[in-house]
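Everything below concerns the one structure shown next.
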2 protein chains.
Amino acid sequence: MTAFQKLVAHSKTISNFNHLAAICGWDQASMMPSGGNQARSEAMAQLSVHIHGLLTQPQLEEWFSSAESENLNANDKASLRELKRQWMQANVLPESLVQAKSLAGSKCEHAWRSQRGENDWAGFEKNWAEVVKLSQEEAQIRAEATGLSPYDSMLDIYEPGTTSASLDTLFSDVKTWLPSLIDDAIEKQKSESFITPTGQFETAQQKALGLEVMKLLQFDFEHGRLDESIHPFCGGVPSDVRITTRYDDSEFVQSLMGIVHETGHARYEQGLPKSLAGQPAGEARSMGIHESQSLFFEMQVGRSDAFIQHLSSLAGKQFTSHDPALFGFDNFQKLYTRVKKDFIRVDADELTYPAHVILRYEIERDLINGKIKHSDVPELWNLKMQQSLGLSTEGNFKNGCMQDIHWTDGAFGYFPSYTLGAMYAAQFMMSMTKTIDVNGAIESGDLSPIFTWLDDNIWSKGSLLTTDELVKQATGETLNAQFFQDHLKARYL
Amino acid sequence: MTAFQKLVAHSKTISNFNHLAAICGWDQASMMPSGGNQARSEAMAQLSVHIHGLLTQPQLEEWFSSAESENLNANDKASLRELKRQWMQANVLPESLVQAKSLAGSKCEHAWRSQRGENDWAGFEKNWAEVVKLSQEEAQIRAEATGLSPYDSMLDIYEPGTTSASLDTLFSDVKTWLPSLIDDAIEKQKSESFITPTGQFETAQQKALGLEVMKLLQFDFEHGRLDESIHPFCGGVPSDVRITTRYDDSEFVQSLMGIVHETGHARYEQGLPKSLAGQPAGEARSMGIHESQSLFFEMQVGRSDAFIQHLSSLAGKQFTSHDPALFGFDNFQKLYTRVKKDFIRVDADELTYPAHVILRYEIERDLINGKIKHSDVPELWNLKMQQSLGLSTEGNFKNGCMQDIHWTDGAFGYFPSYTLGAMYAAQFMMSMTKTIDVNGAIESGDLSPIFTWLDDNIWSKGSLLTTDELVKQATGETLNAQFFQDHLKARYL
């Protein structure tokens, strides 16, 4: 075996343990009764330590140095680059920190499930202080190893190549045009009338509708499932992708589009190159690219007129005891493009969403760089929310800084991916329409040409290319936020 | 740390990985889409190898020899005995065999799920030949290490202390009185008339009914769940016990009592001593004792007049659109005590069940001892089924030797536990009635006194005692099959 082959075999071993972590993590969020949490958290922490041990085995250094002088083709070179990236990131951290953060994150997240409903900031803060402290330690260690700032070193986990300097520029620009665009859209929609769902929408029927929409989006049910969890996510492994949603029986609108969103994540995972299964090069390129796929499904396809037509028709057939006017195309279009300044990011519309992300970005950047303390967060949140969307969150923690799961378990550096994803998605759509009749495909109900484009240009590439290379090969240029602005203006003005 | 403490800490590590194996195994049987099987099997095999590696670490030998001269109290001595038992069993097998058997078993079991329905013996045999071959190799290696016969060395995994010599004696005795008892019961029931379920019994309603019965049996839903799988089982971990059932929408009788059975397994797991969590001494005593708990729930409690009264009443309240006469007490009693010579073990009544077990015992004993070949099994099955229950399984593989999951994944030596369990259960009930008004407790709907007895005498003991000690402490004597025979005669004659 060559050193490169040894590295690949070792990577497959790690991938097998990651498989178990993914399934048990999904189970913890969607199936596990609450009394099972302590033992599960301990088992998951043990697994984390084991995986960390595999990633940090001493012989790997020698294998990497040998592999670099081996004769490798382009794919293998890319694979080696990603293996090395993964290895370097893992070797930065001491095992004790990995374990402590995993335990603190599990504990905080589990308690958060009930604390959020109780608006219990004091209770939450006790657990969260430890998560923040350990995350700052992690960032400091990563910063020393990479020469980046602490926050940028966290960002690098999710978005290799992206820095807070570039995000500051990008988001400053967004802040110049977004507020007025939001106000204009709200002004334009002010006189619109529409019907909101009332009455009861049975979970079983919502699920049946969700499954129909997943079929339309060609989700592969031989390699995945739909379940429920408090915070919707896409988990599992490429051969068995687990997406979740949450149902509210007083309305179906959020959950239905949430399923479209997670199906985008899922199809990316299901479309990753099977020949590279178990290798980092066979994994998704970055969180931003992952989000570009879910937002391509949700925003570019899901909110197009042609797709809204399908949604309204399918929903009308499911909920026959409700007022048929609710399921008219016009009404659905209004429901799904309504702009409103509100508290909850996951329920936010396409236009206010970037404002939520920028708020979180600015806070987590300063928190991880040690410029602010965890106890400053509620006040800062309130301040920035007032500035960006004119809303007060004073004393309203559950709809403020306690609303998201990301910080709860220490995933700092992740939030920018959402808006990067929205920008990439707009750019992909702009490029796709040059060669494909996207509207015609959606109208026909056979969306295959769209998925073939995504598979050819994004999914099947895994991490063989860098993000910039991937986007340039697919669209002819690297990230250009103008497409996002154009898309929003076209839809909302 | 003393050597004993090191062994306990190491055992907790192993237990954490077993936790992951249990949850992913449950998922594989109850949640996983079929396309996920290959990657899952590989991940599970990798985990098996890892656990095997932990069980066979070289320093353990030294720790065991040091621990034996340490000052230990009675509980710690018992814990050490069980740690050593687990260690010796694991160290017998080479890692390559563990991995090969895990892969072959997963492959065979997964294919069996569809092959059984298709009666595809030829297809099944291709995979199964490998499982049998590897199991024979395993038994041979275990036999050389223990000085037992190959089959007895497999039996020792599930029933420490039990030999085929003792089973031959026990089962020979059963064969002297069982056939005539079956015939007499059938003759007695011949003139009885009763109503069998017809029409549709919705899965959702069956599940709701099952959950109500689990509540009556005080299943702890904070530490467990009910789901579905092809072959019902009790899995998970003591802090999170996963039981499964399968629903047939043309009747509810089998599934309902299946839930009672699995709840017995589950309450044993939920009642294991928490202070010994993660140590072999904190685990269930043996498969026979495990089955004694499920059969105590199913046969001793579940088919008592007082419990049948609850079942009939709860079912009647659930299925209100059916003929109320179906849910009369007399009718339920007849449905649940009907004796019939039939093909399927898991659907067999209490009286013919031991005949099924004895058939499997005799075949697997000879198969593992190399006296017969895997290709002989269908013919032998047919022969023995004709002798014991007068039924032909010629060409009817799916209702013959392909009906069970146990052999499919190589769990040879397990079947005798079912009948040992039935015998222990009868003995426990006989003893319990001396101090507790069992019928009164069941009638009242508060079965706590029964569960307290089981908890005190069985559940909370884990594996601190040997099986013989456990049974003697609980009932005043070791296994005495006369109680089983008395119980059957009292119920069926």
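Each position is counted from 1, following the chain as shown.
Keep in mind that glycine also has a Cβ here, set from the backbone N, Cα and C atoms.
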Identity of the Zn(2+)-site residue among B:GLU251, B:GLU283, B:GLU291 (reference: B:HIS261, B:HIS265, source: TrEMBL): B:GLU291
Rounded distance in angstrom between the Cα atoms of B:GLU262 (active site, proton donor/acceptor) and B:GLU291 (Zn(2+) binding site): 9
Cβ contacts of B:HIS265 (Zn(2+) binding site) (under 8 Å, same chain, 6 or more positions away): B:CYS234, B:VAL241, B:ILE243, B:HIS290, B:GLU291, B:GLN293, B:SER294
Tertiary neighbours of B:HIS261 (Zn(2+) binding site) (same chain, Cβ under 8 Å, six or more apart): B:PRO232, B:SER294, B:LEU295, B:PHE297, B:GLU298, B:GLY302
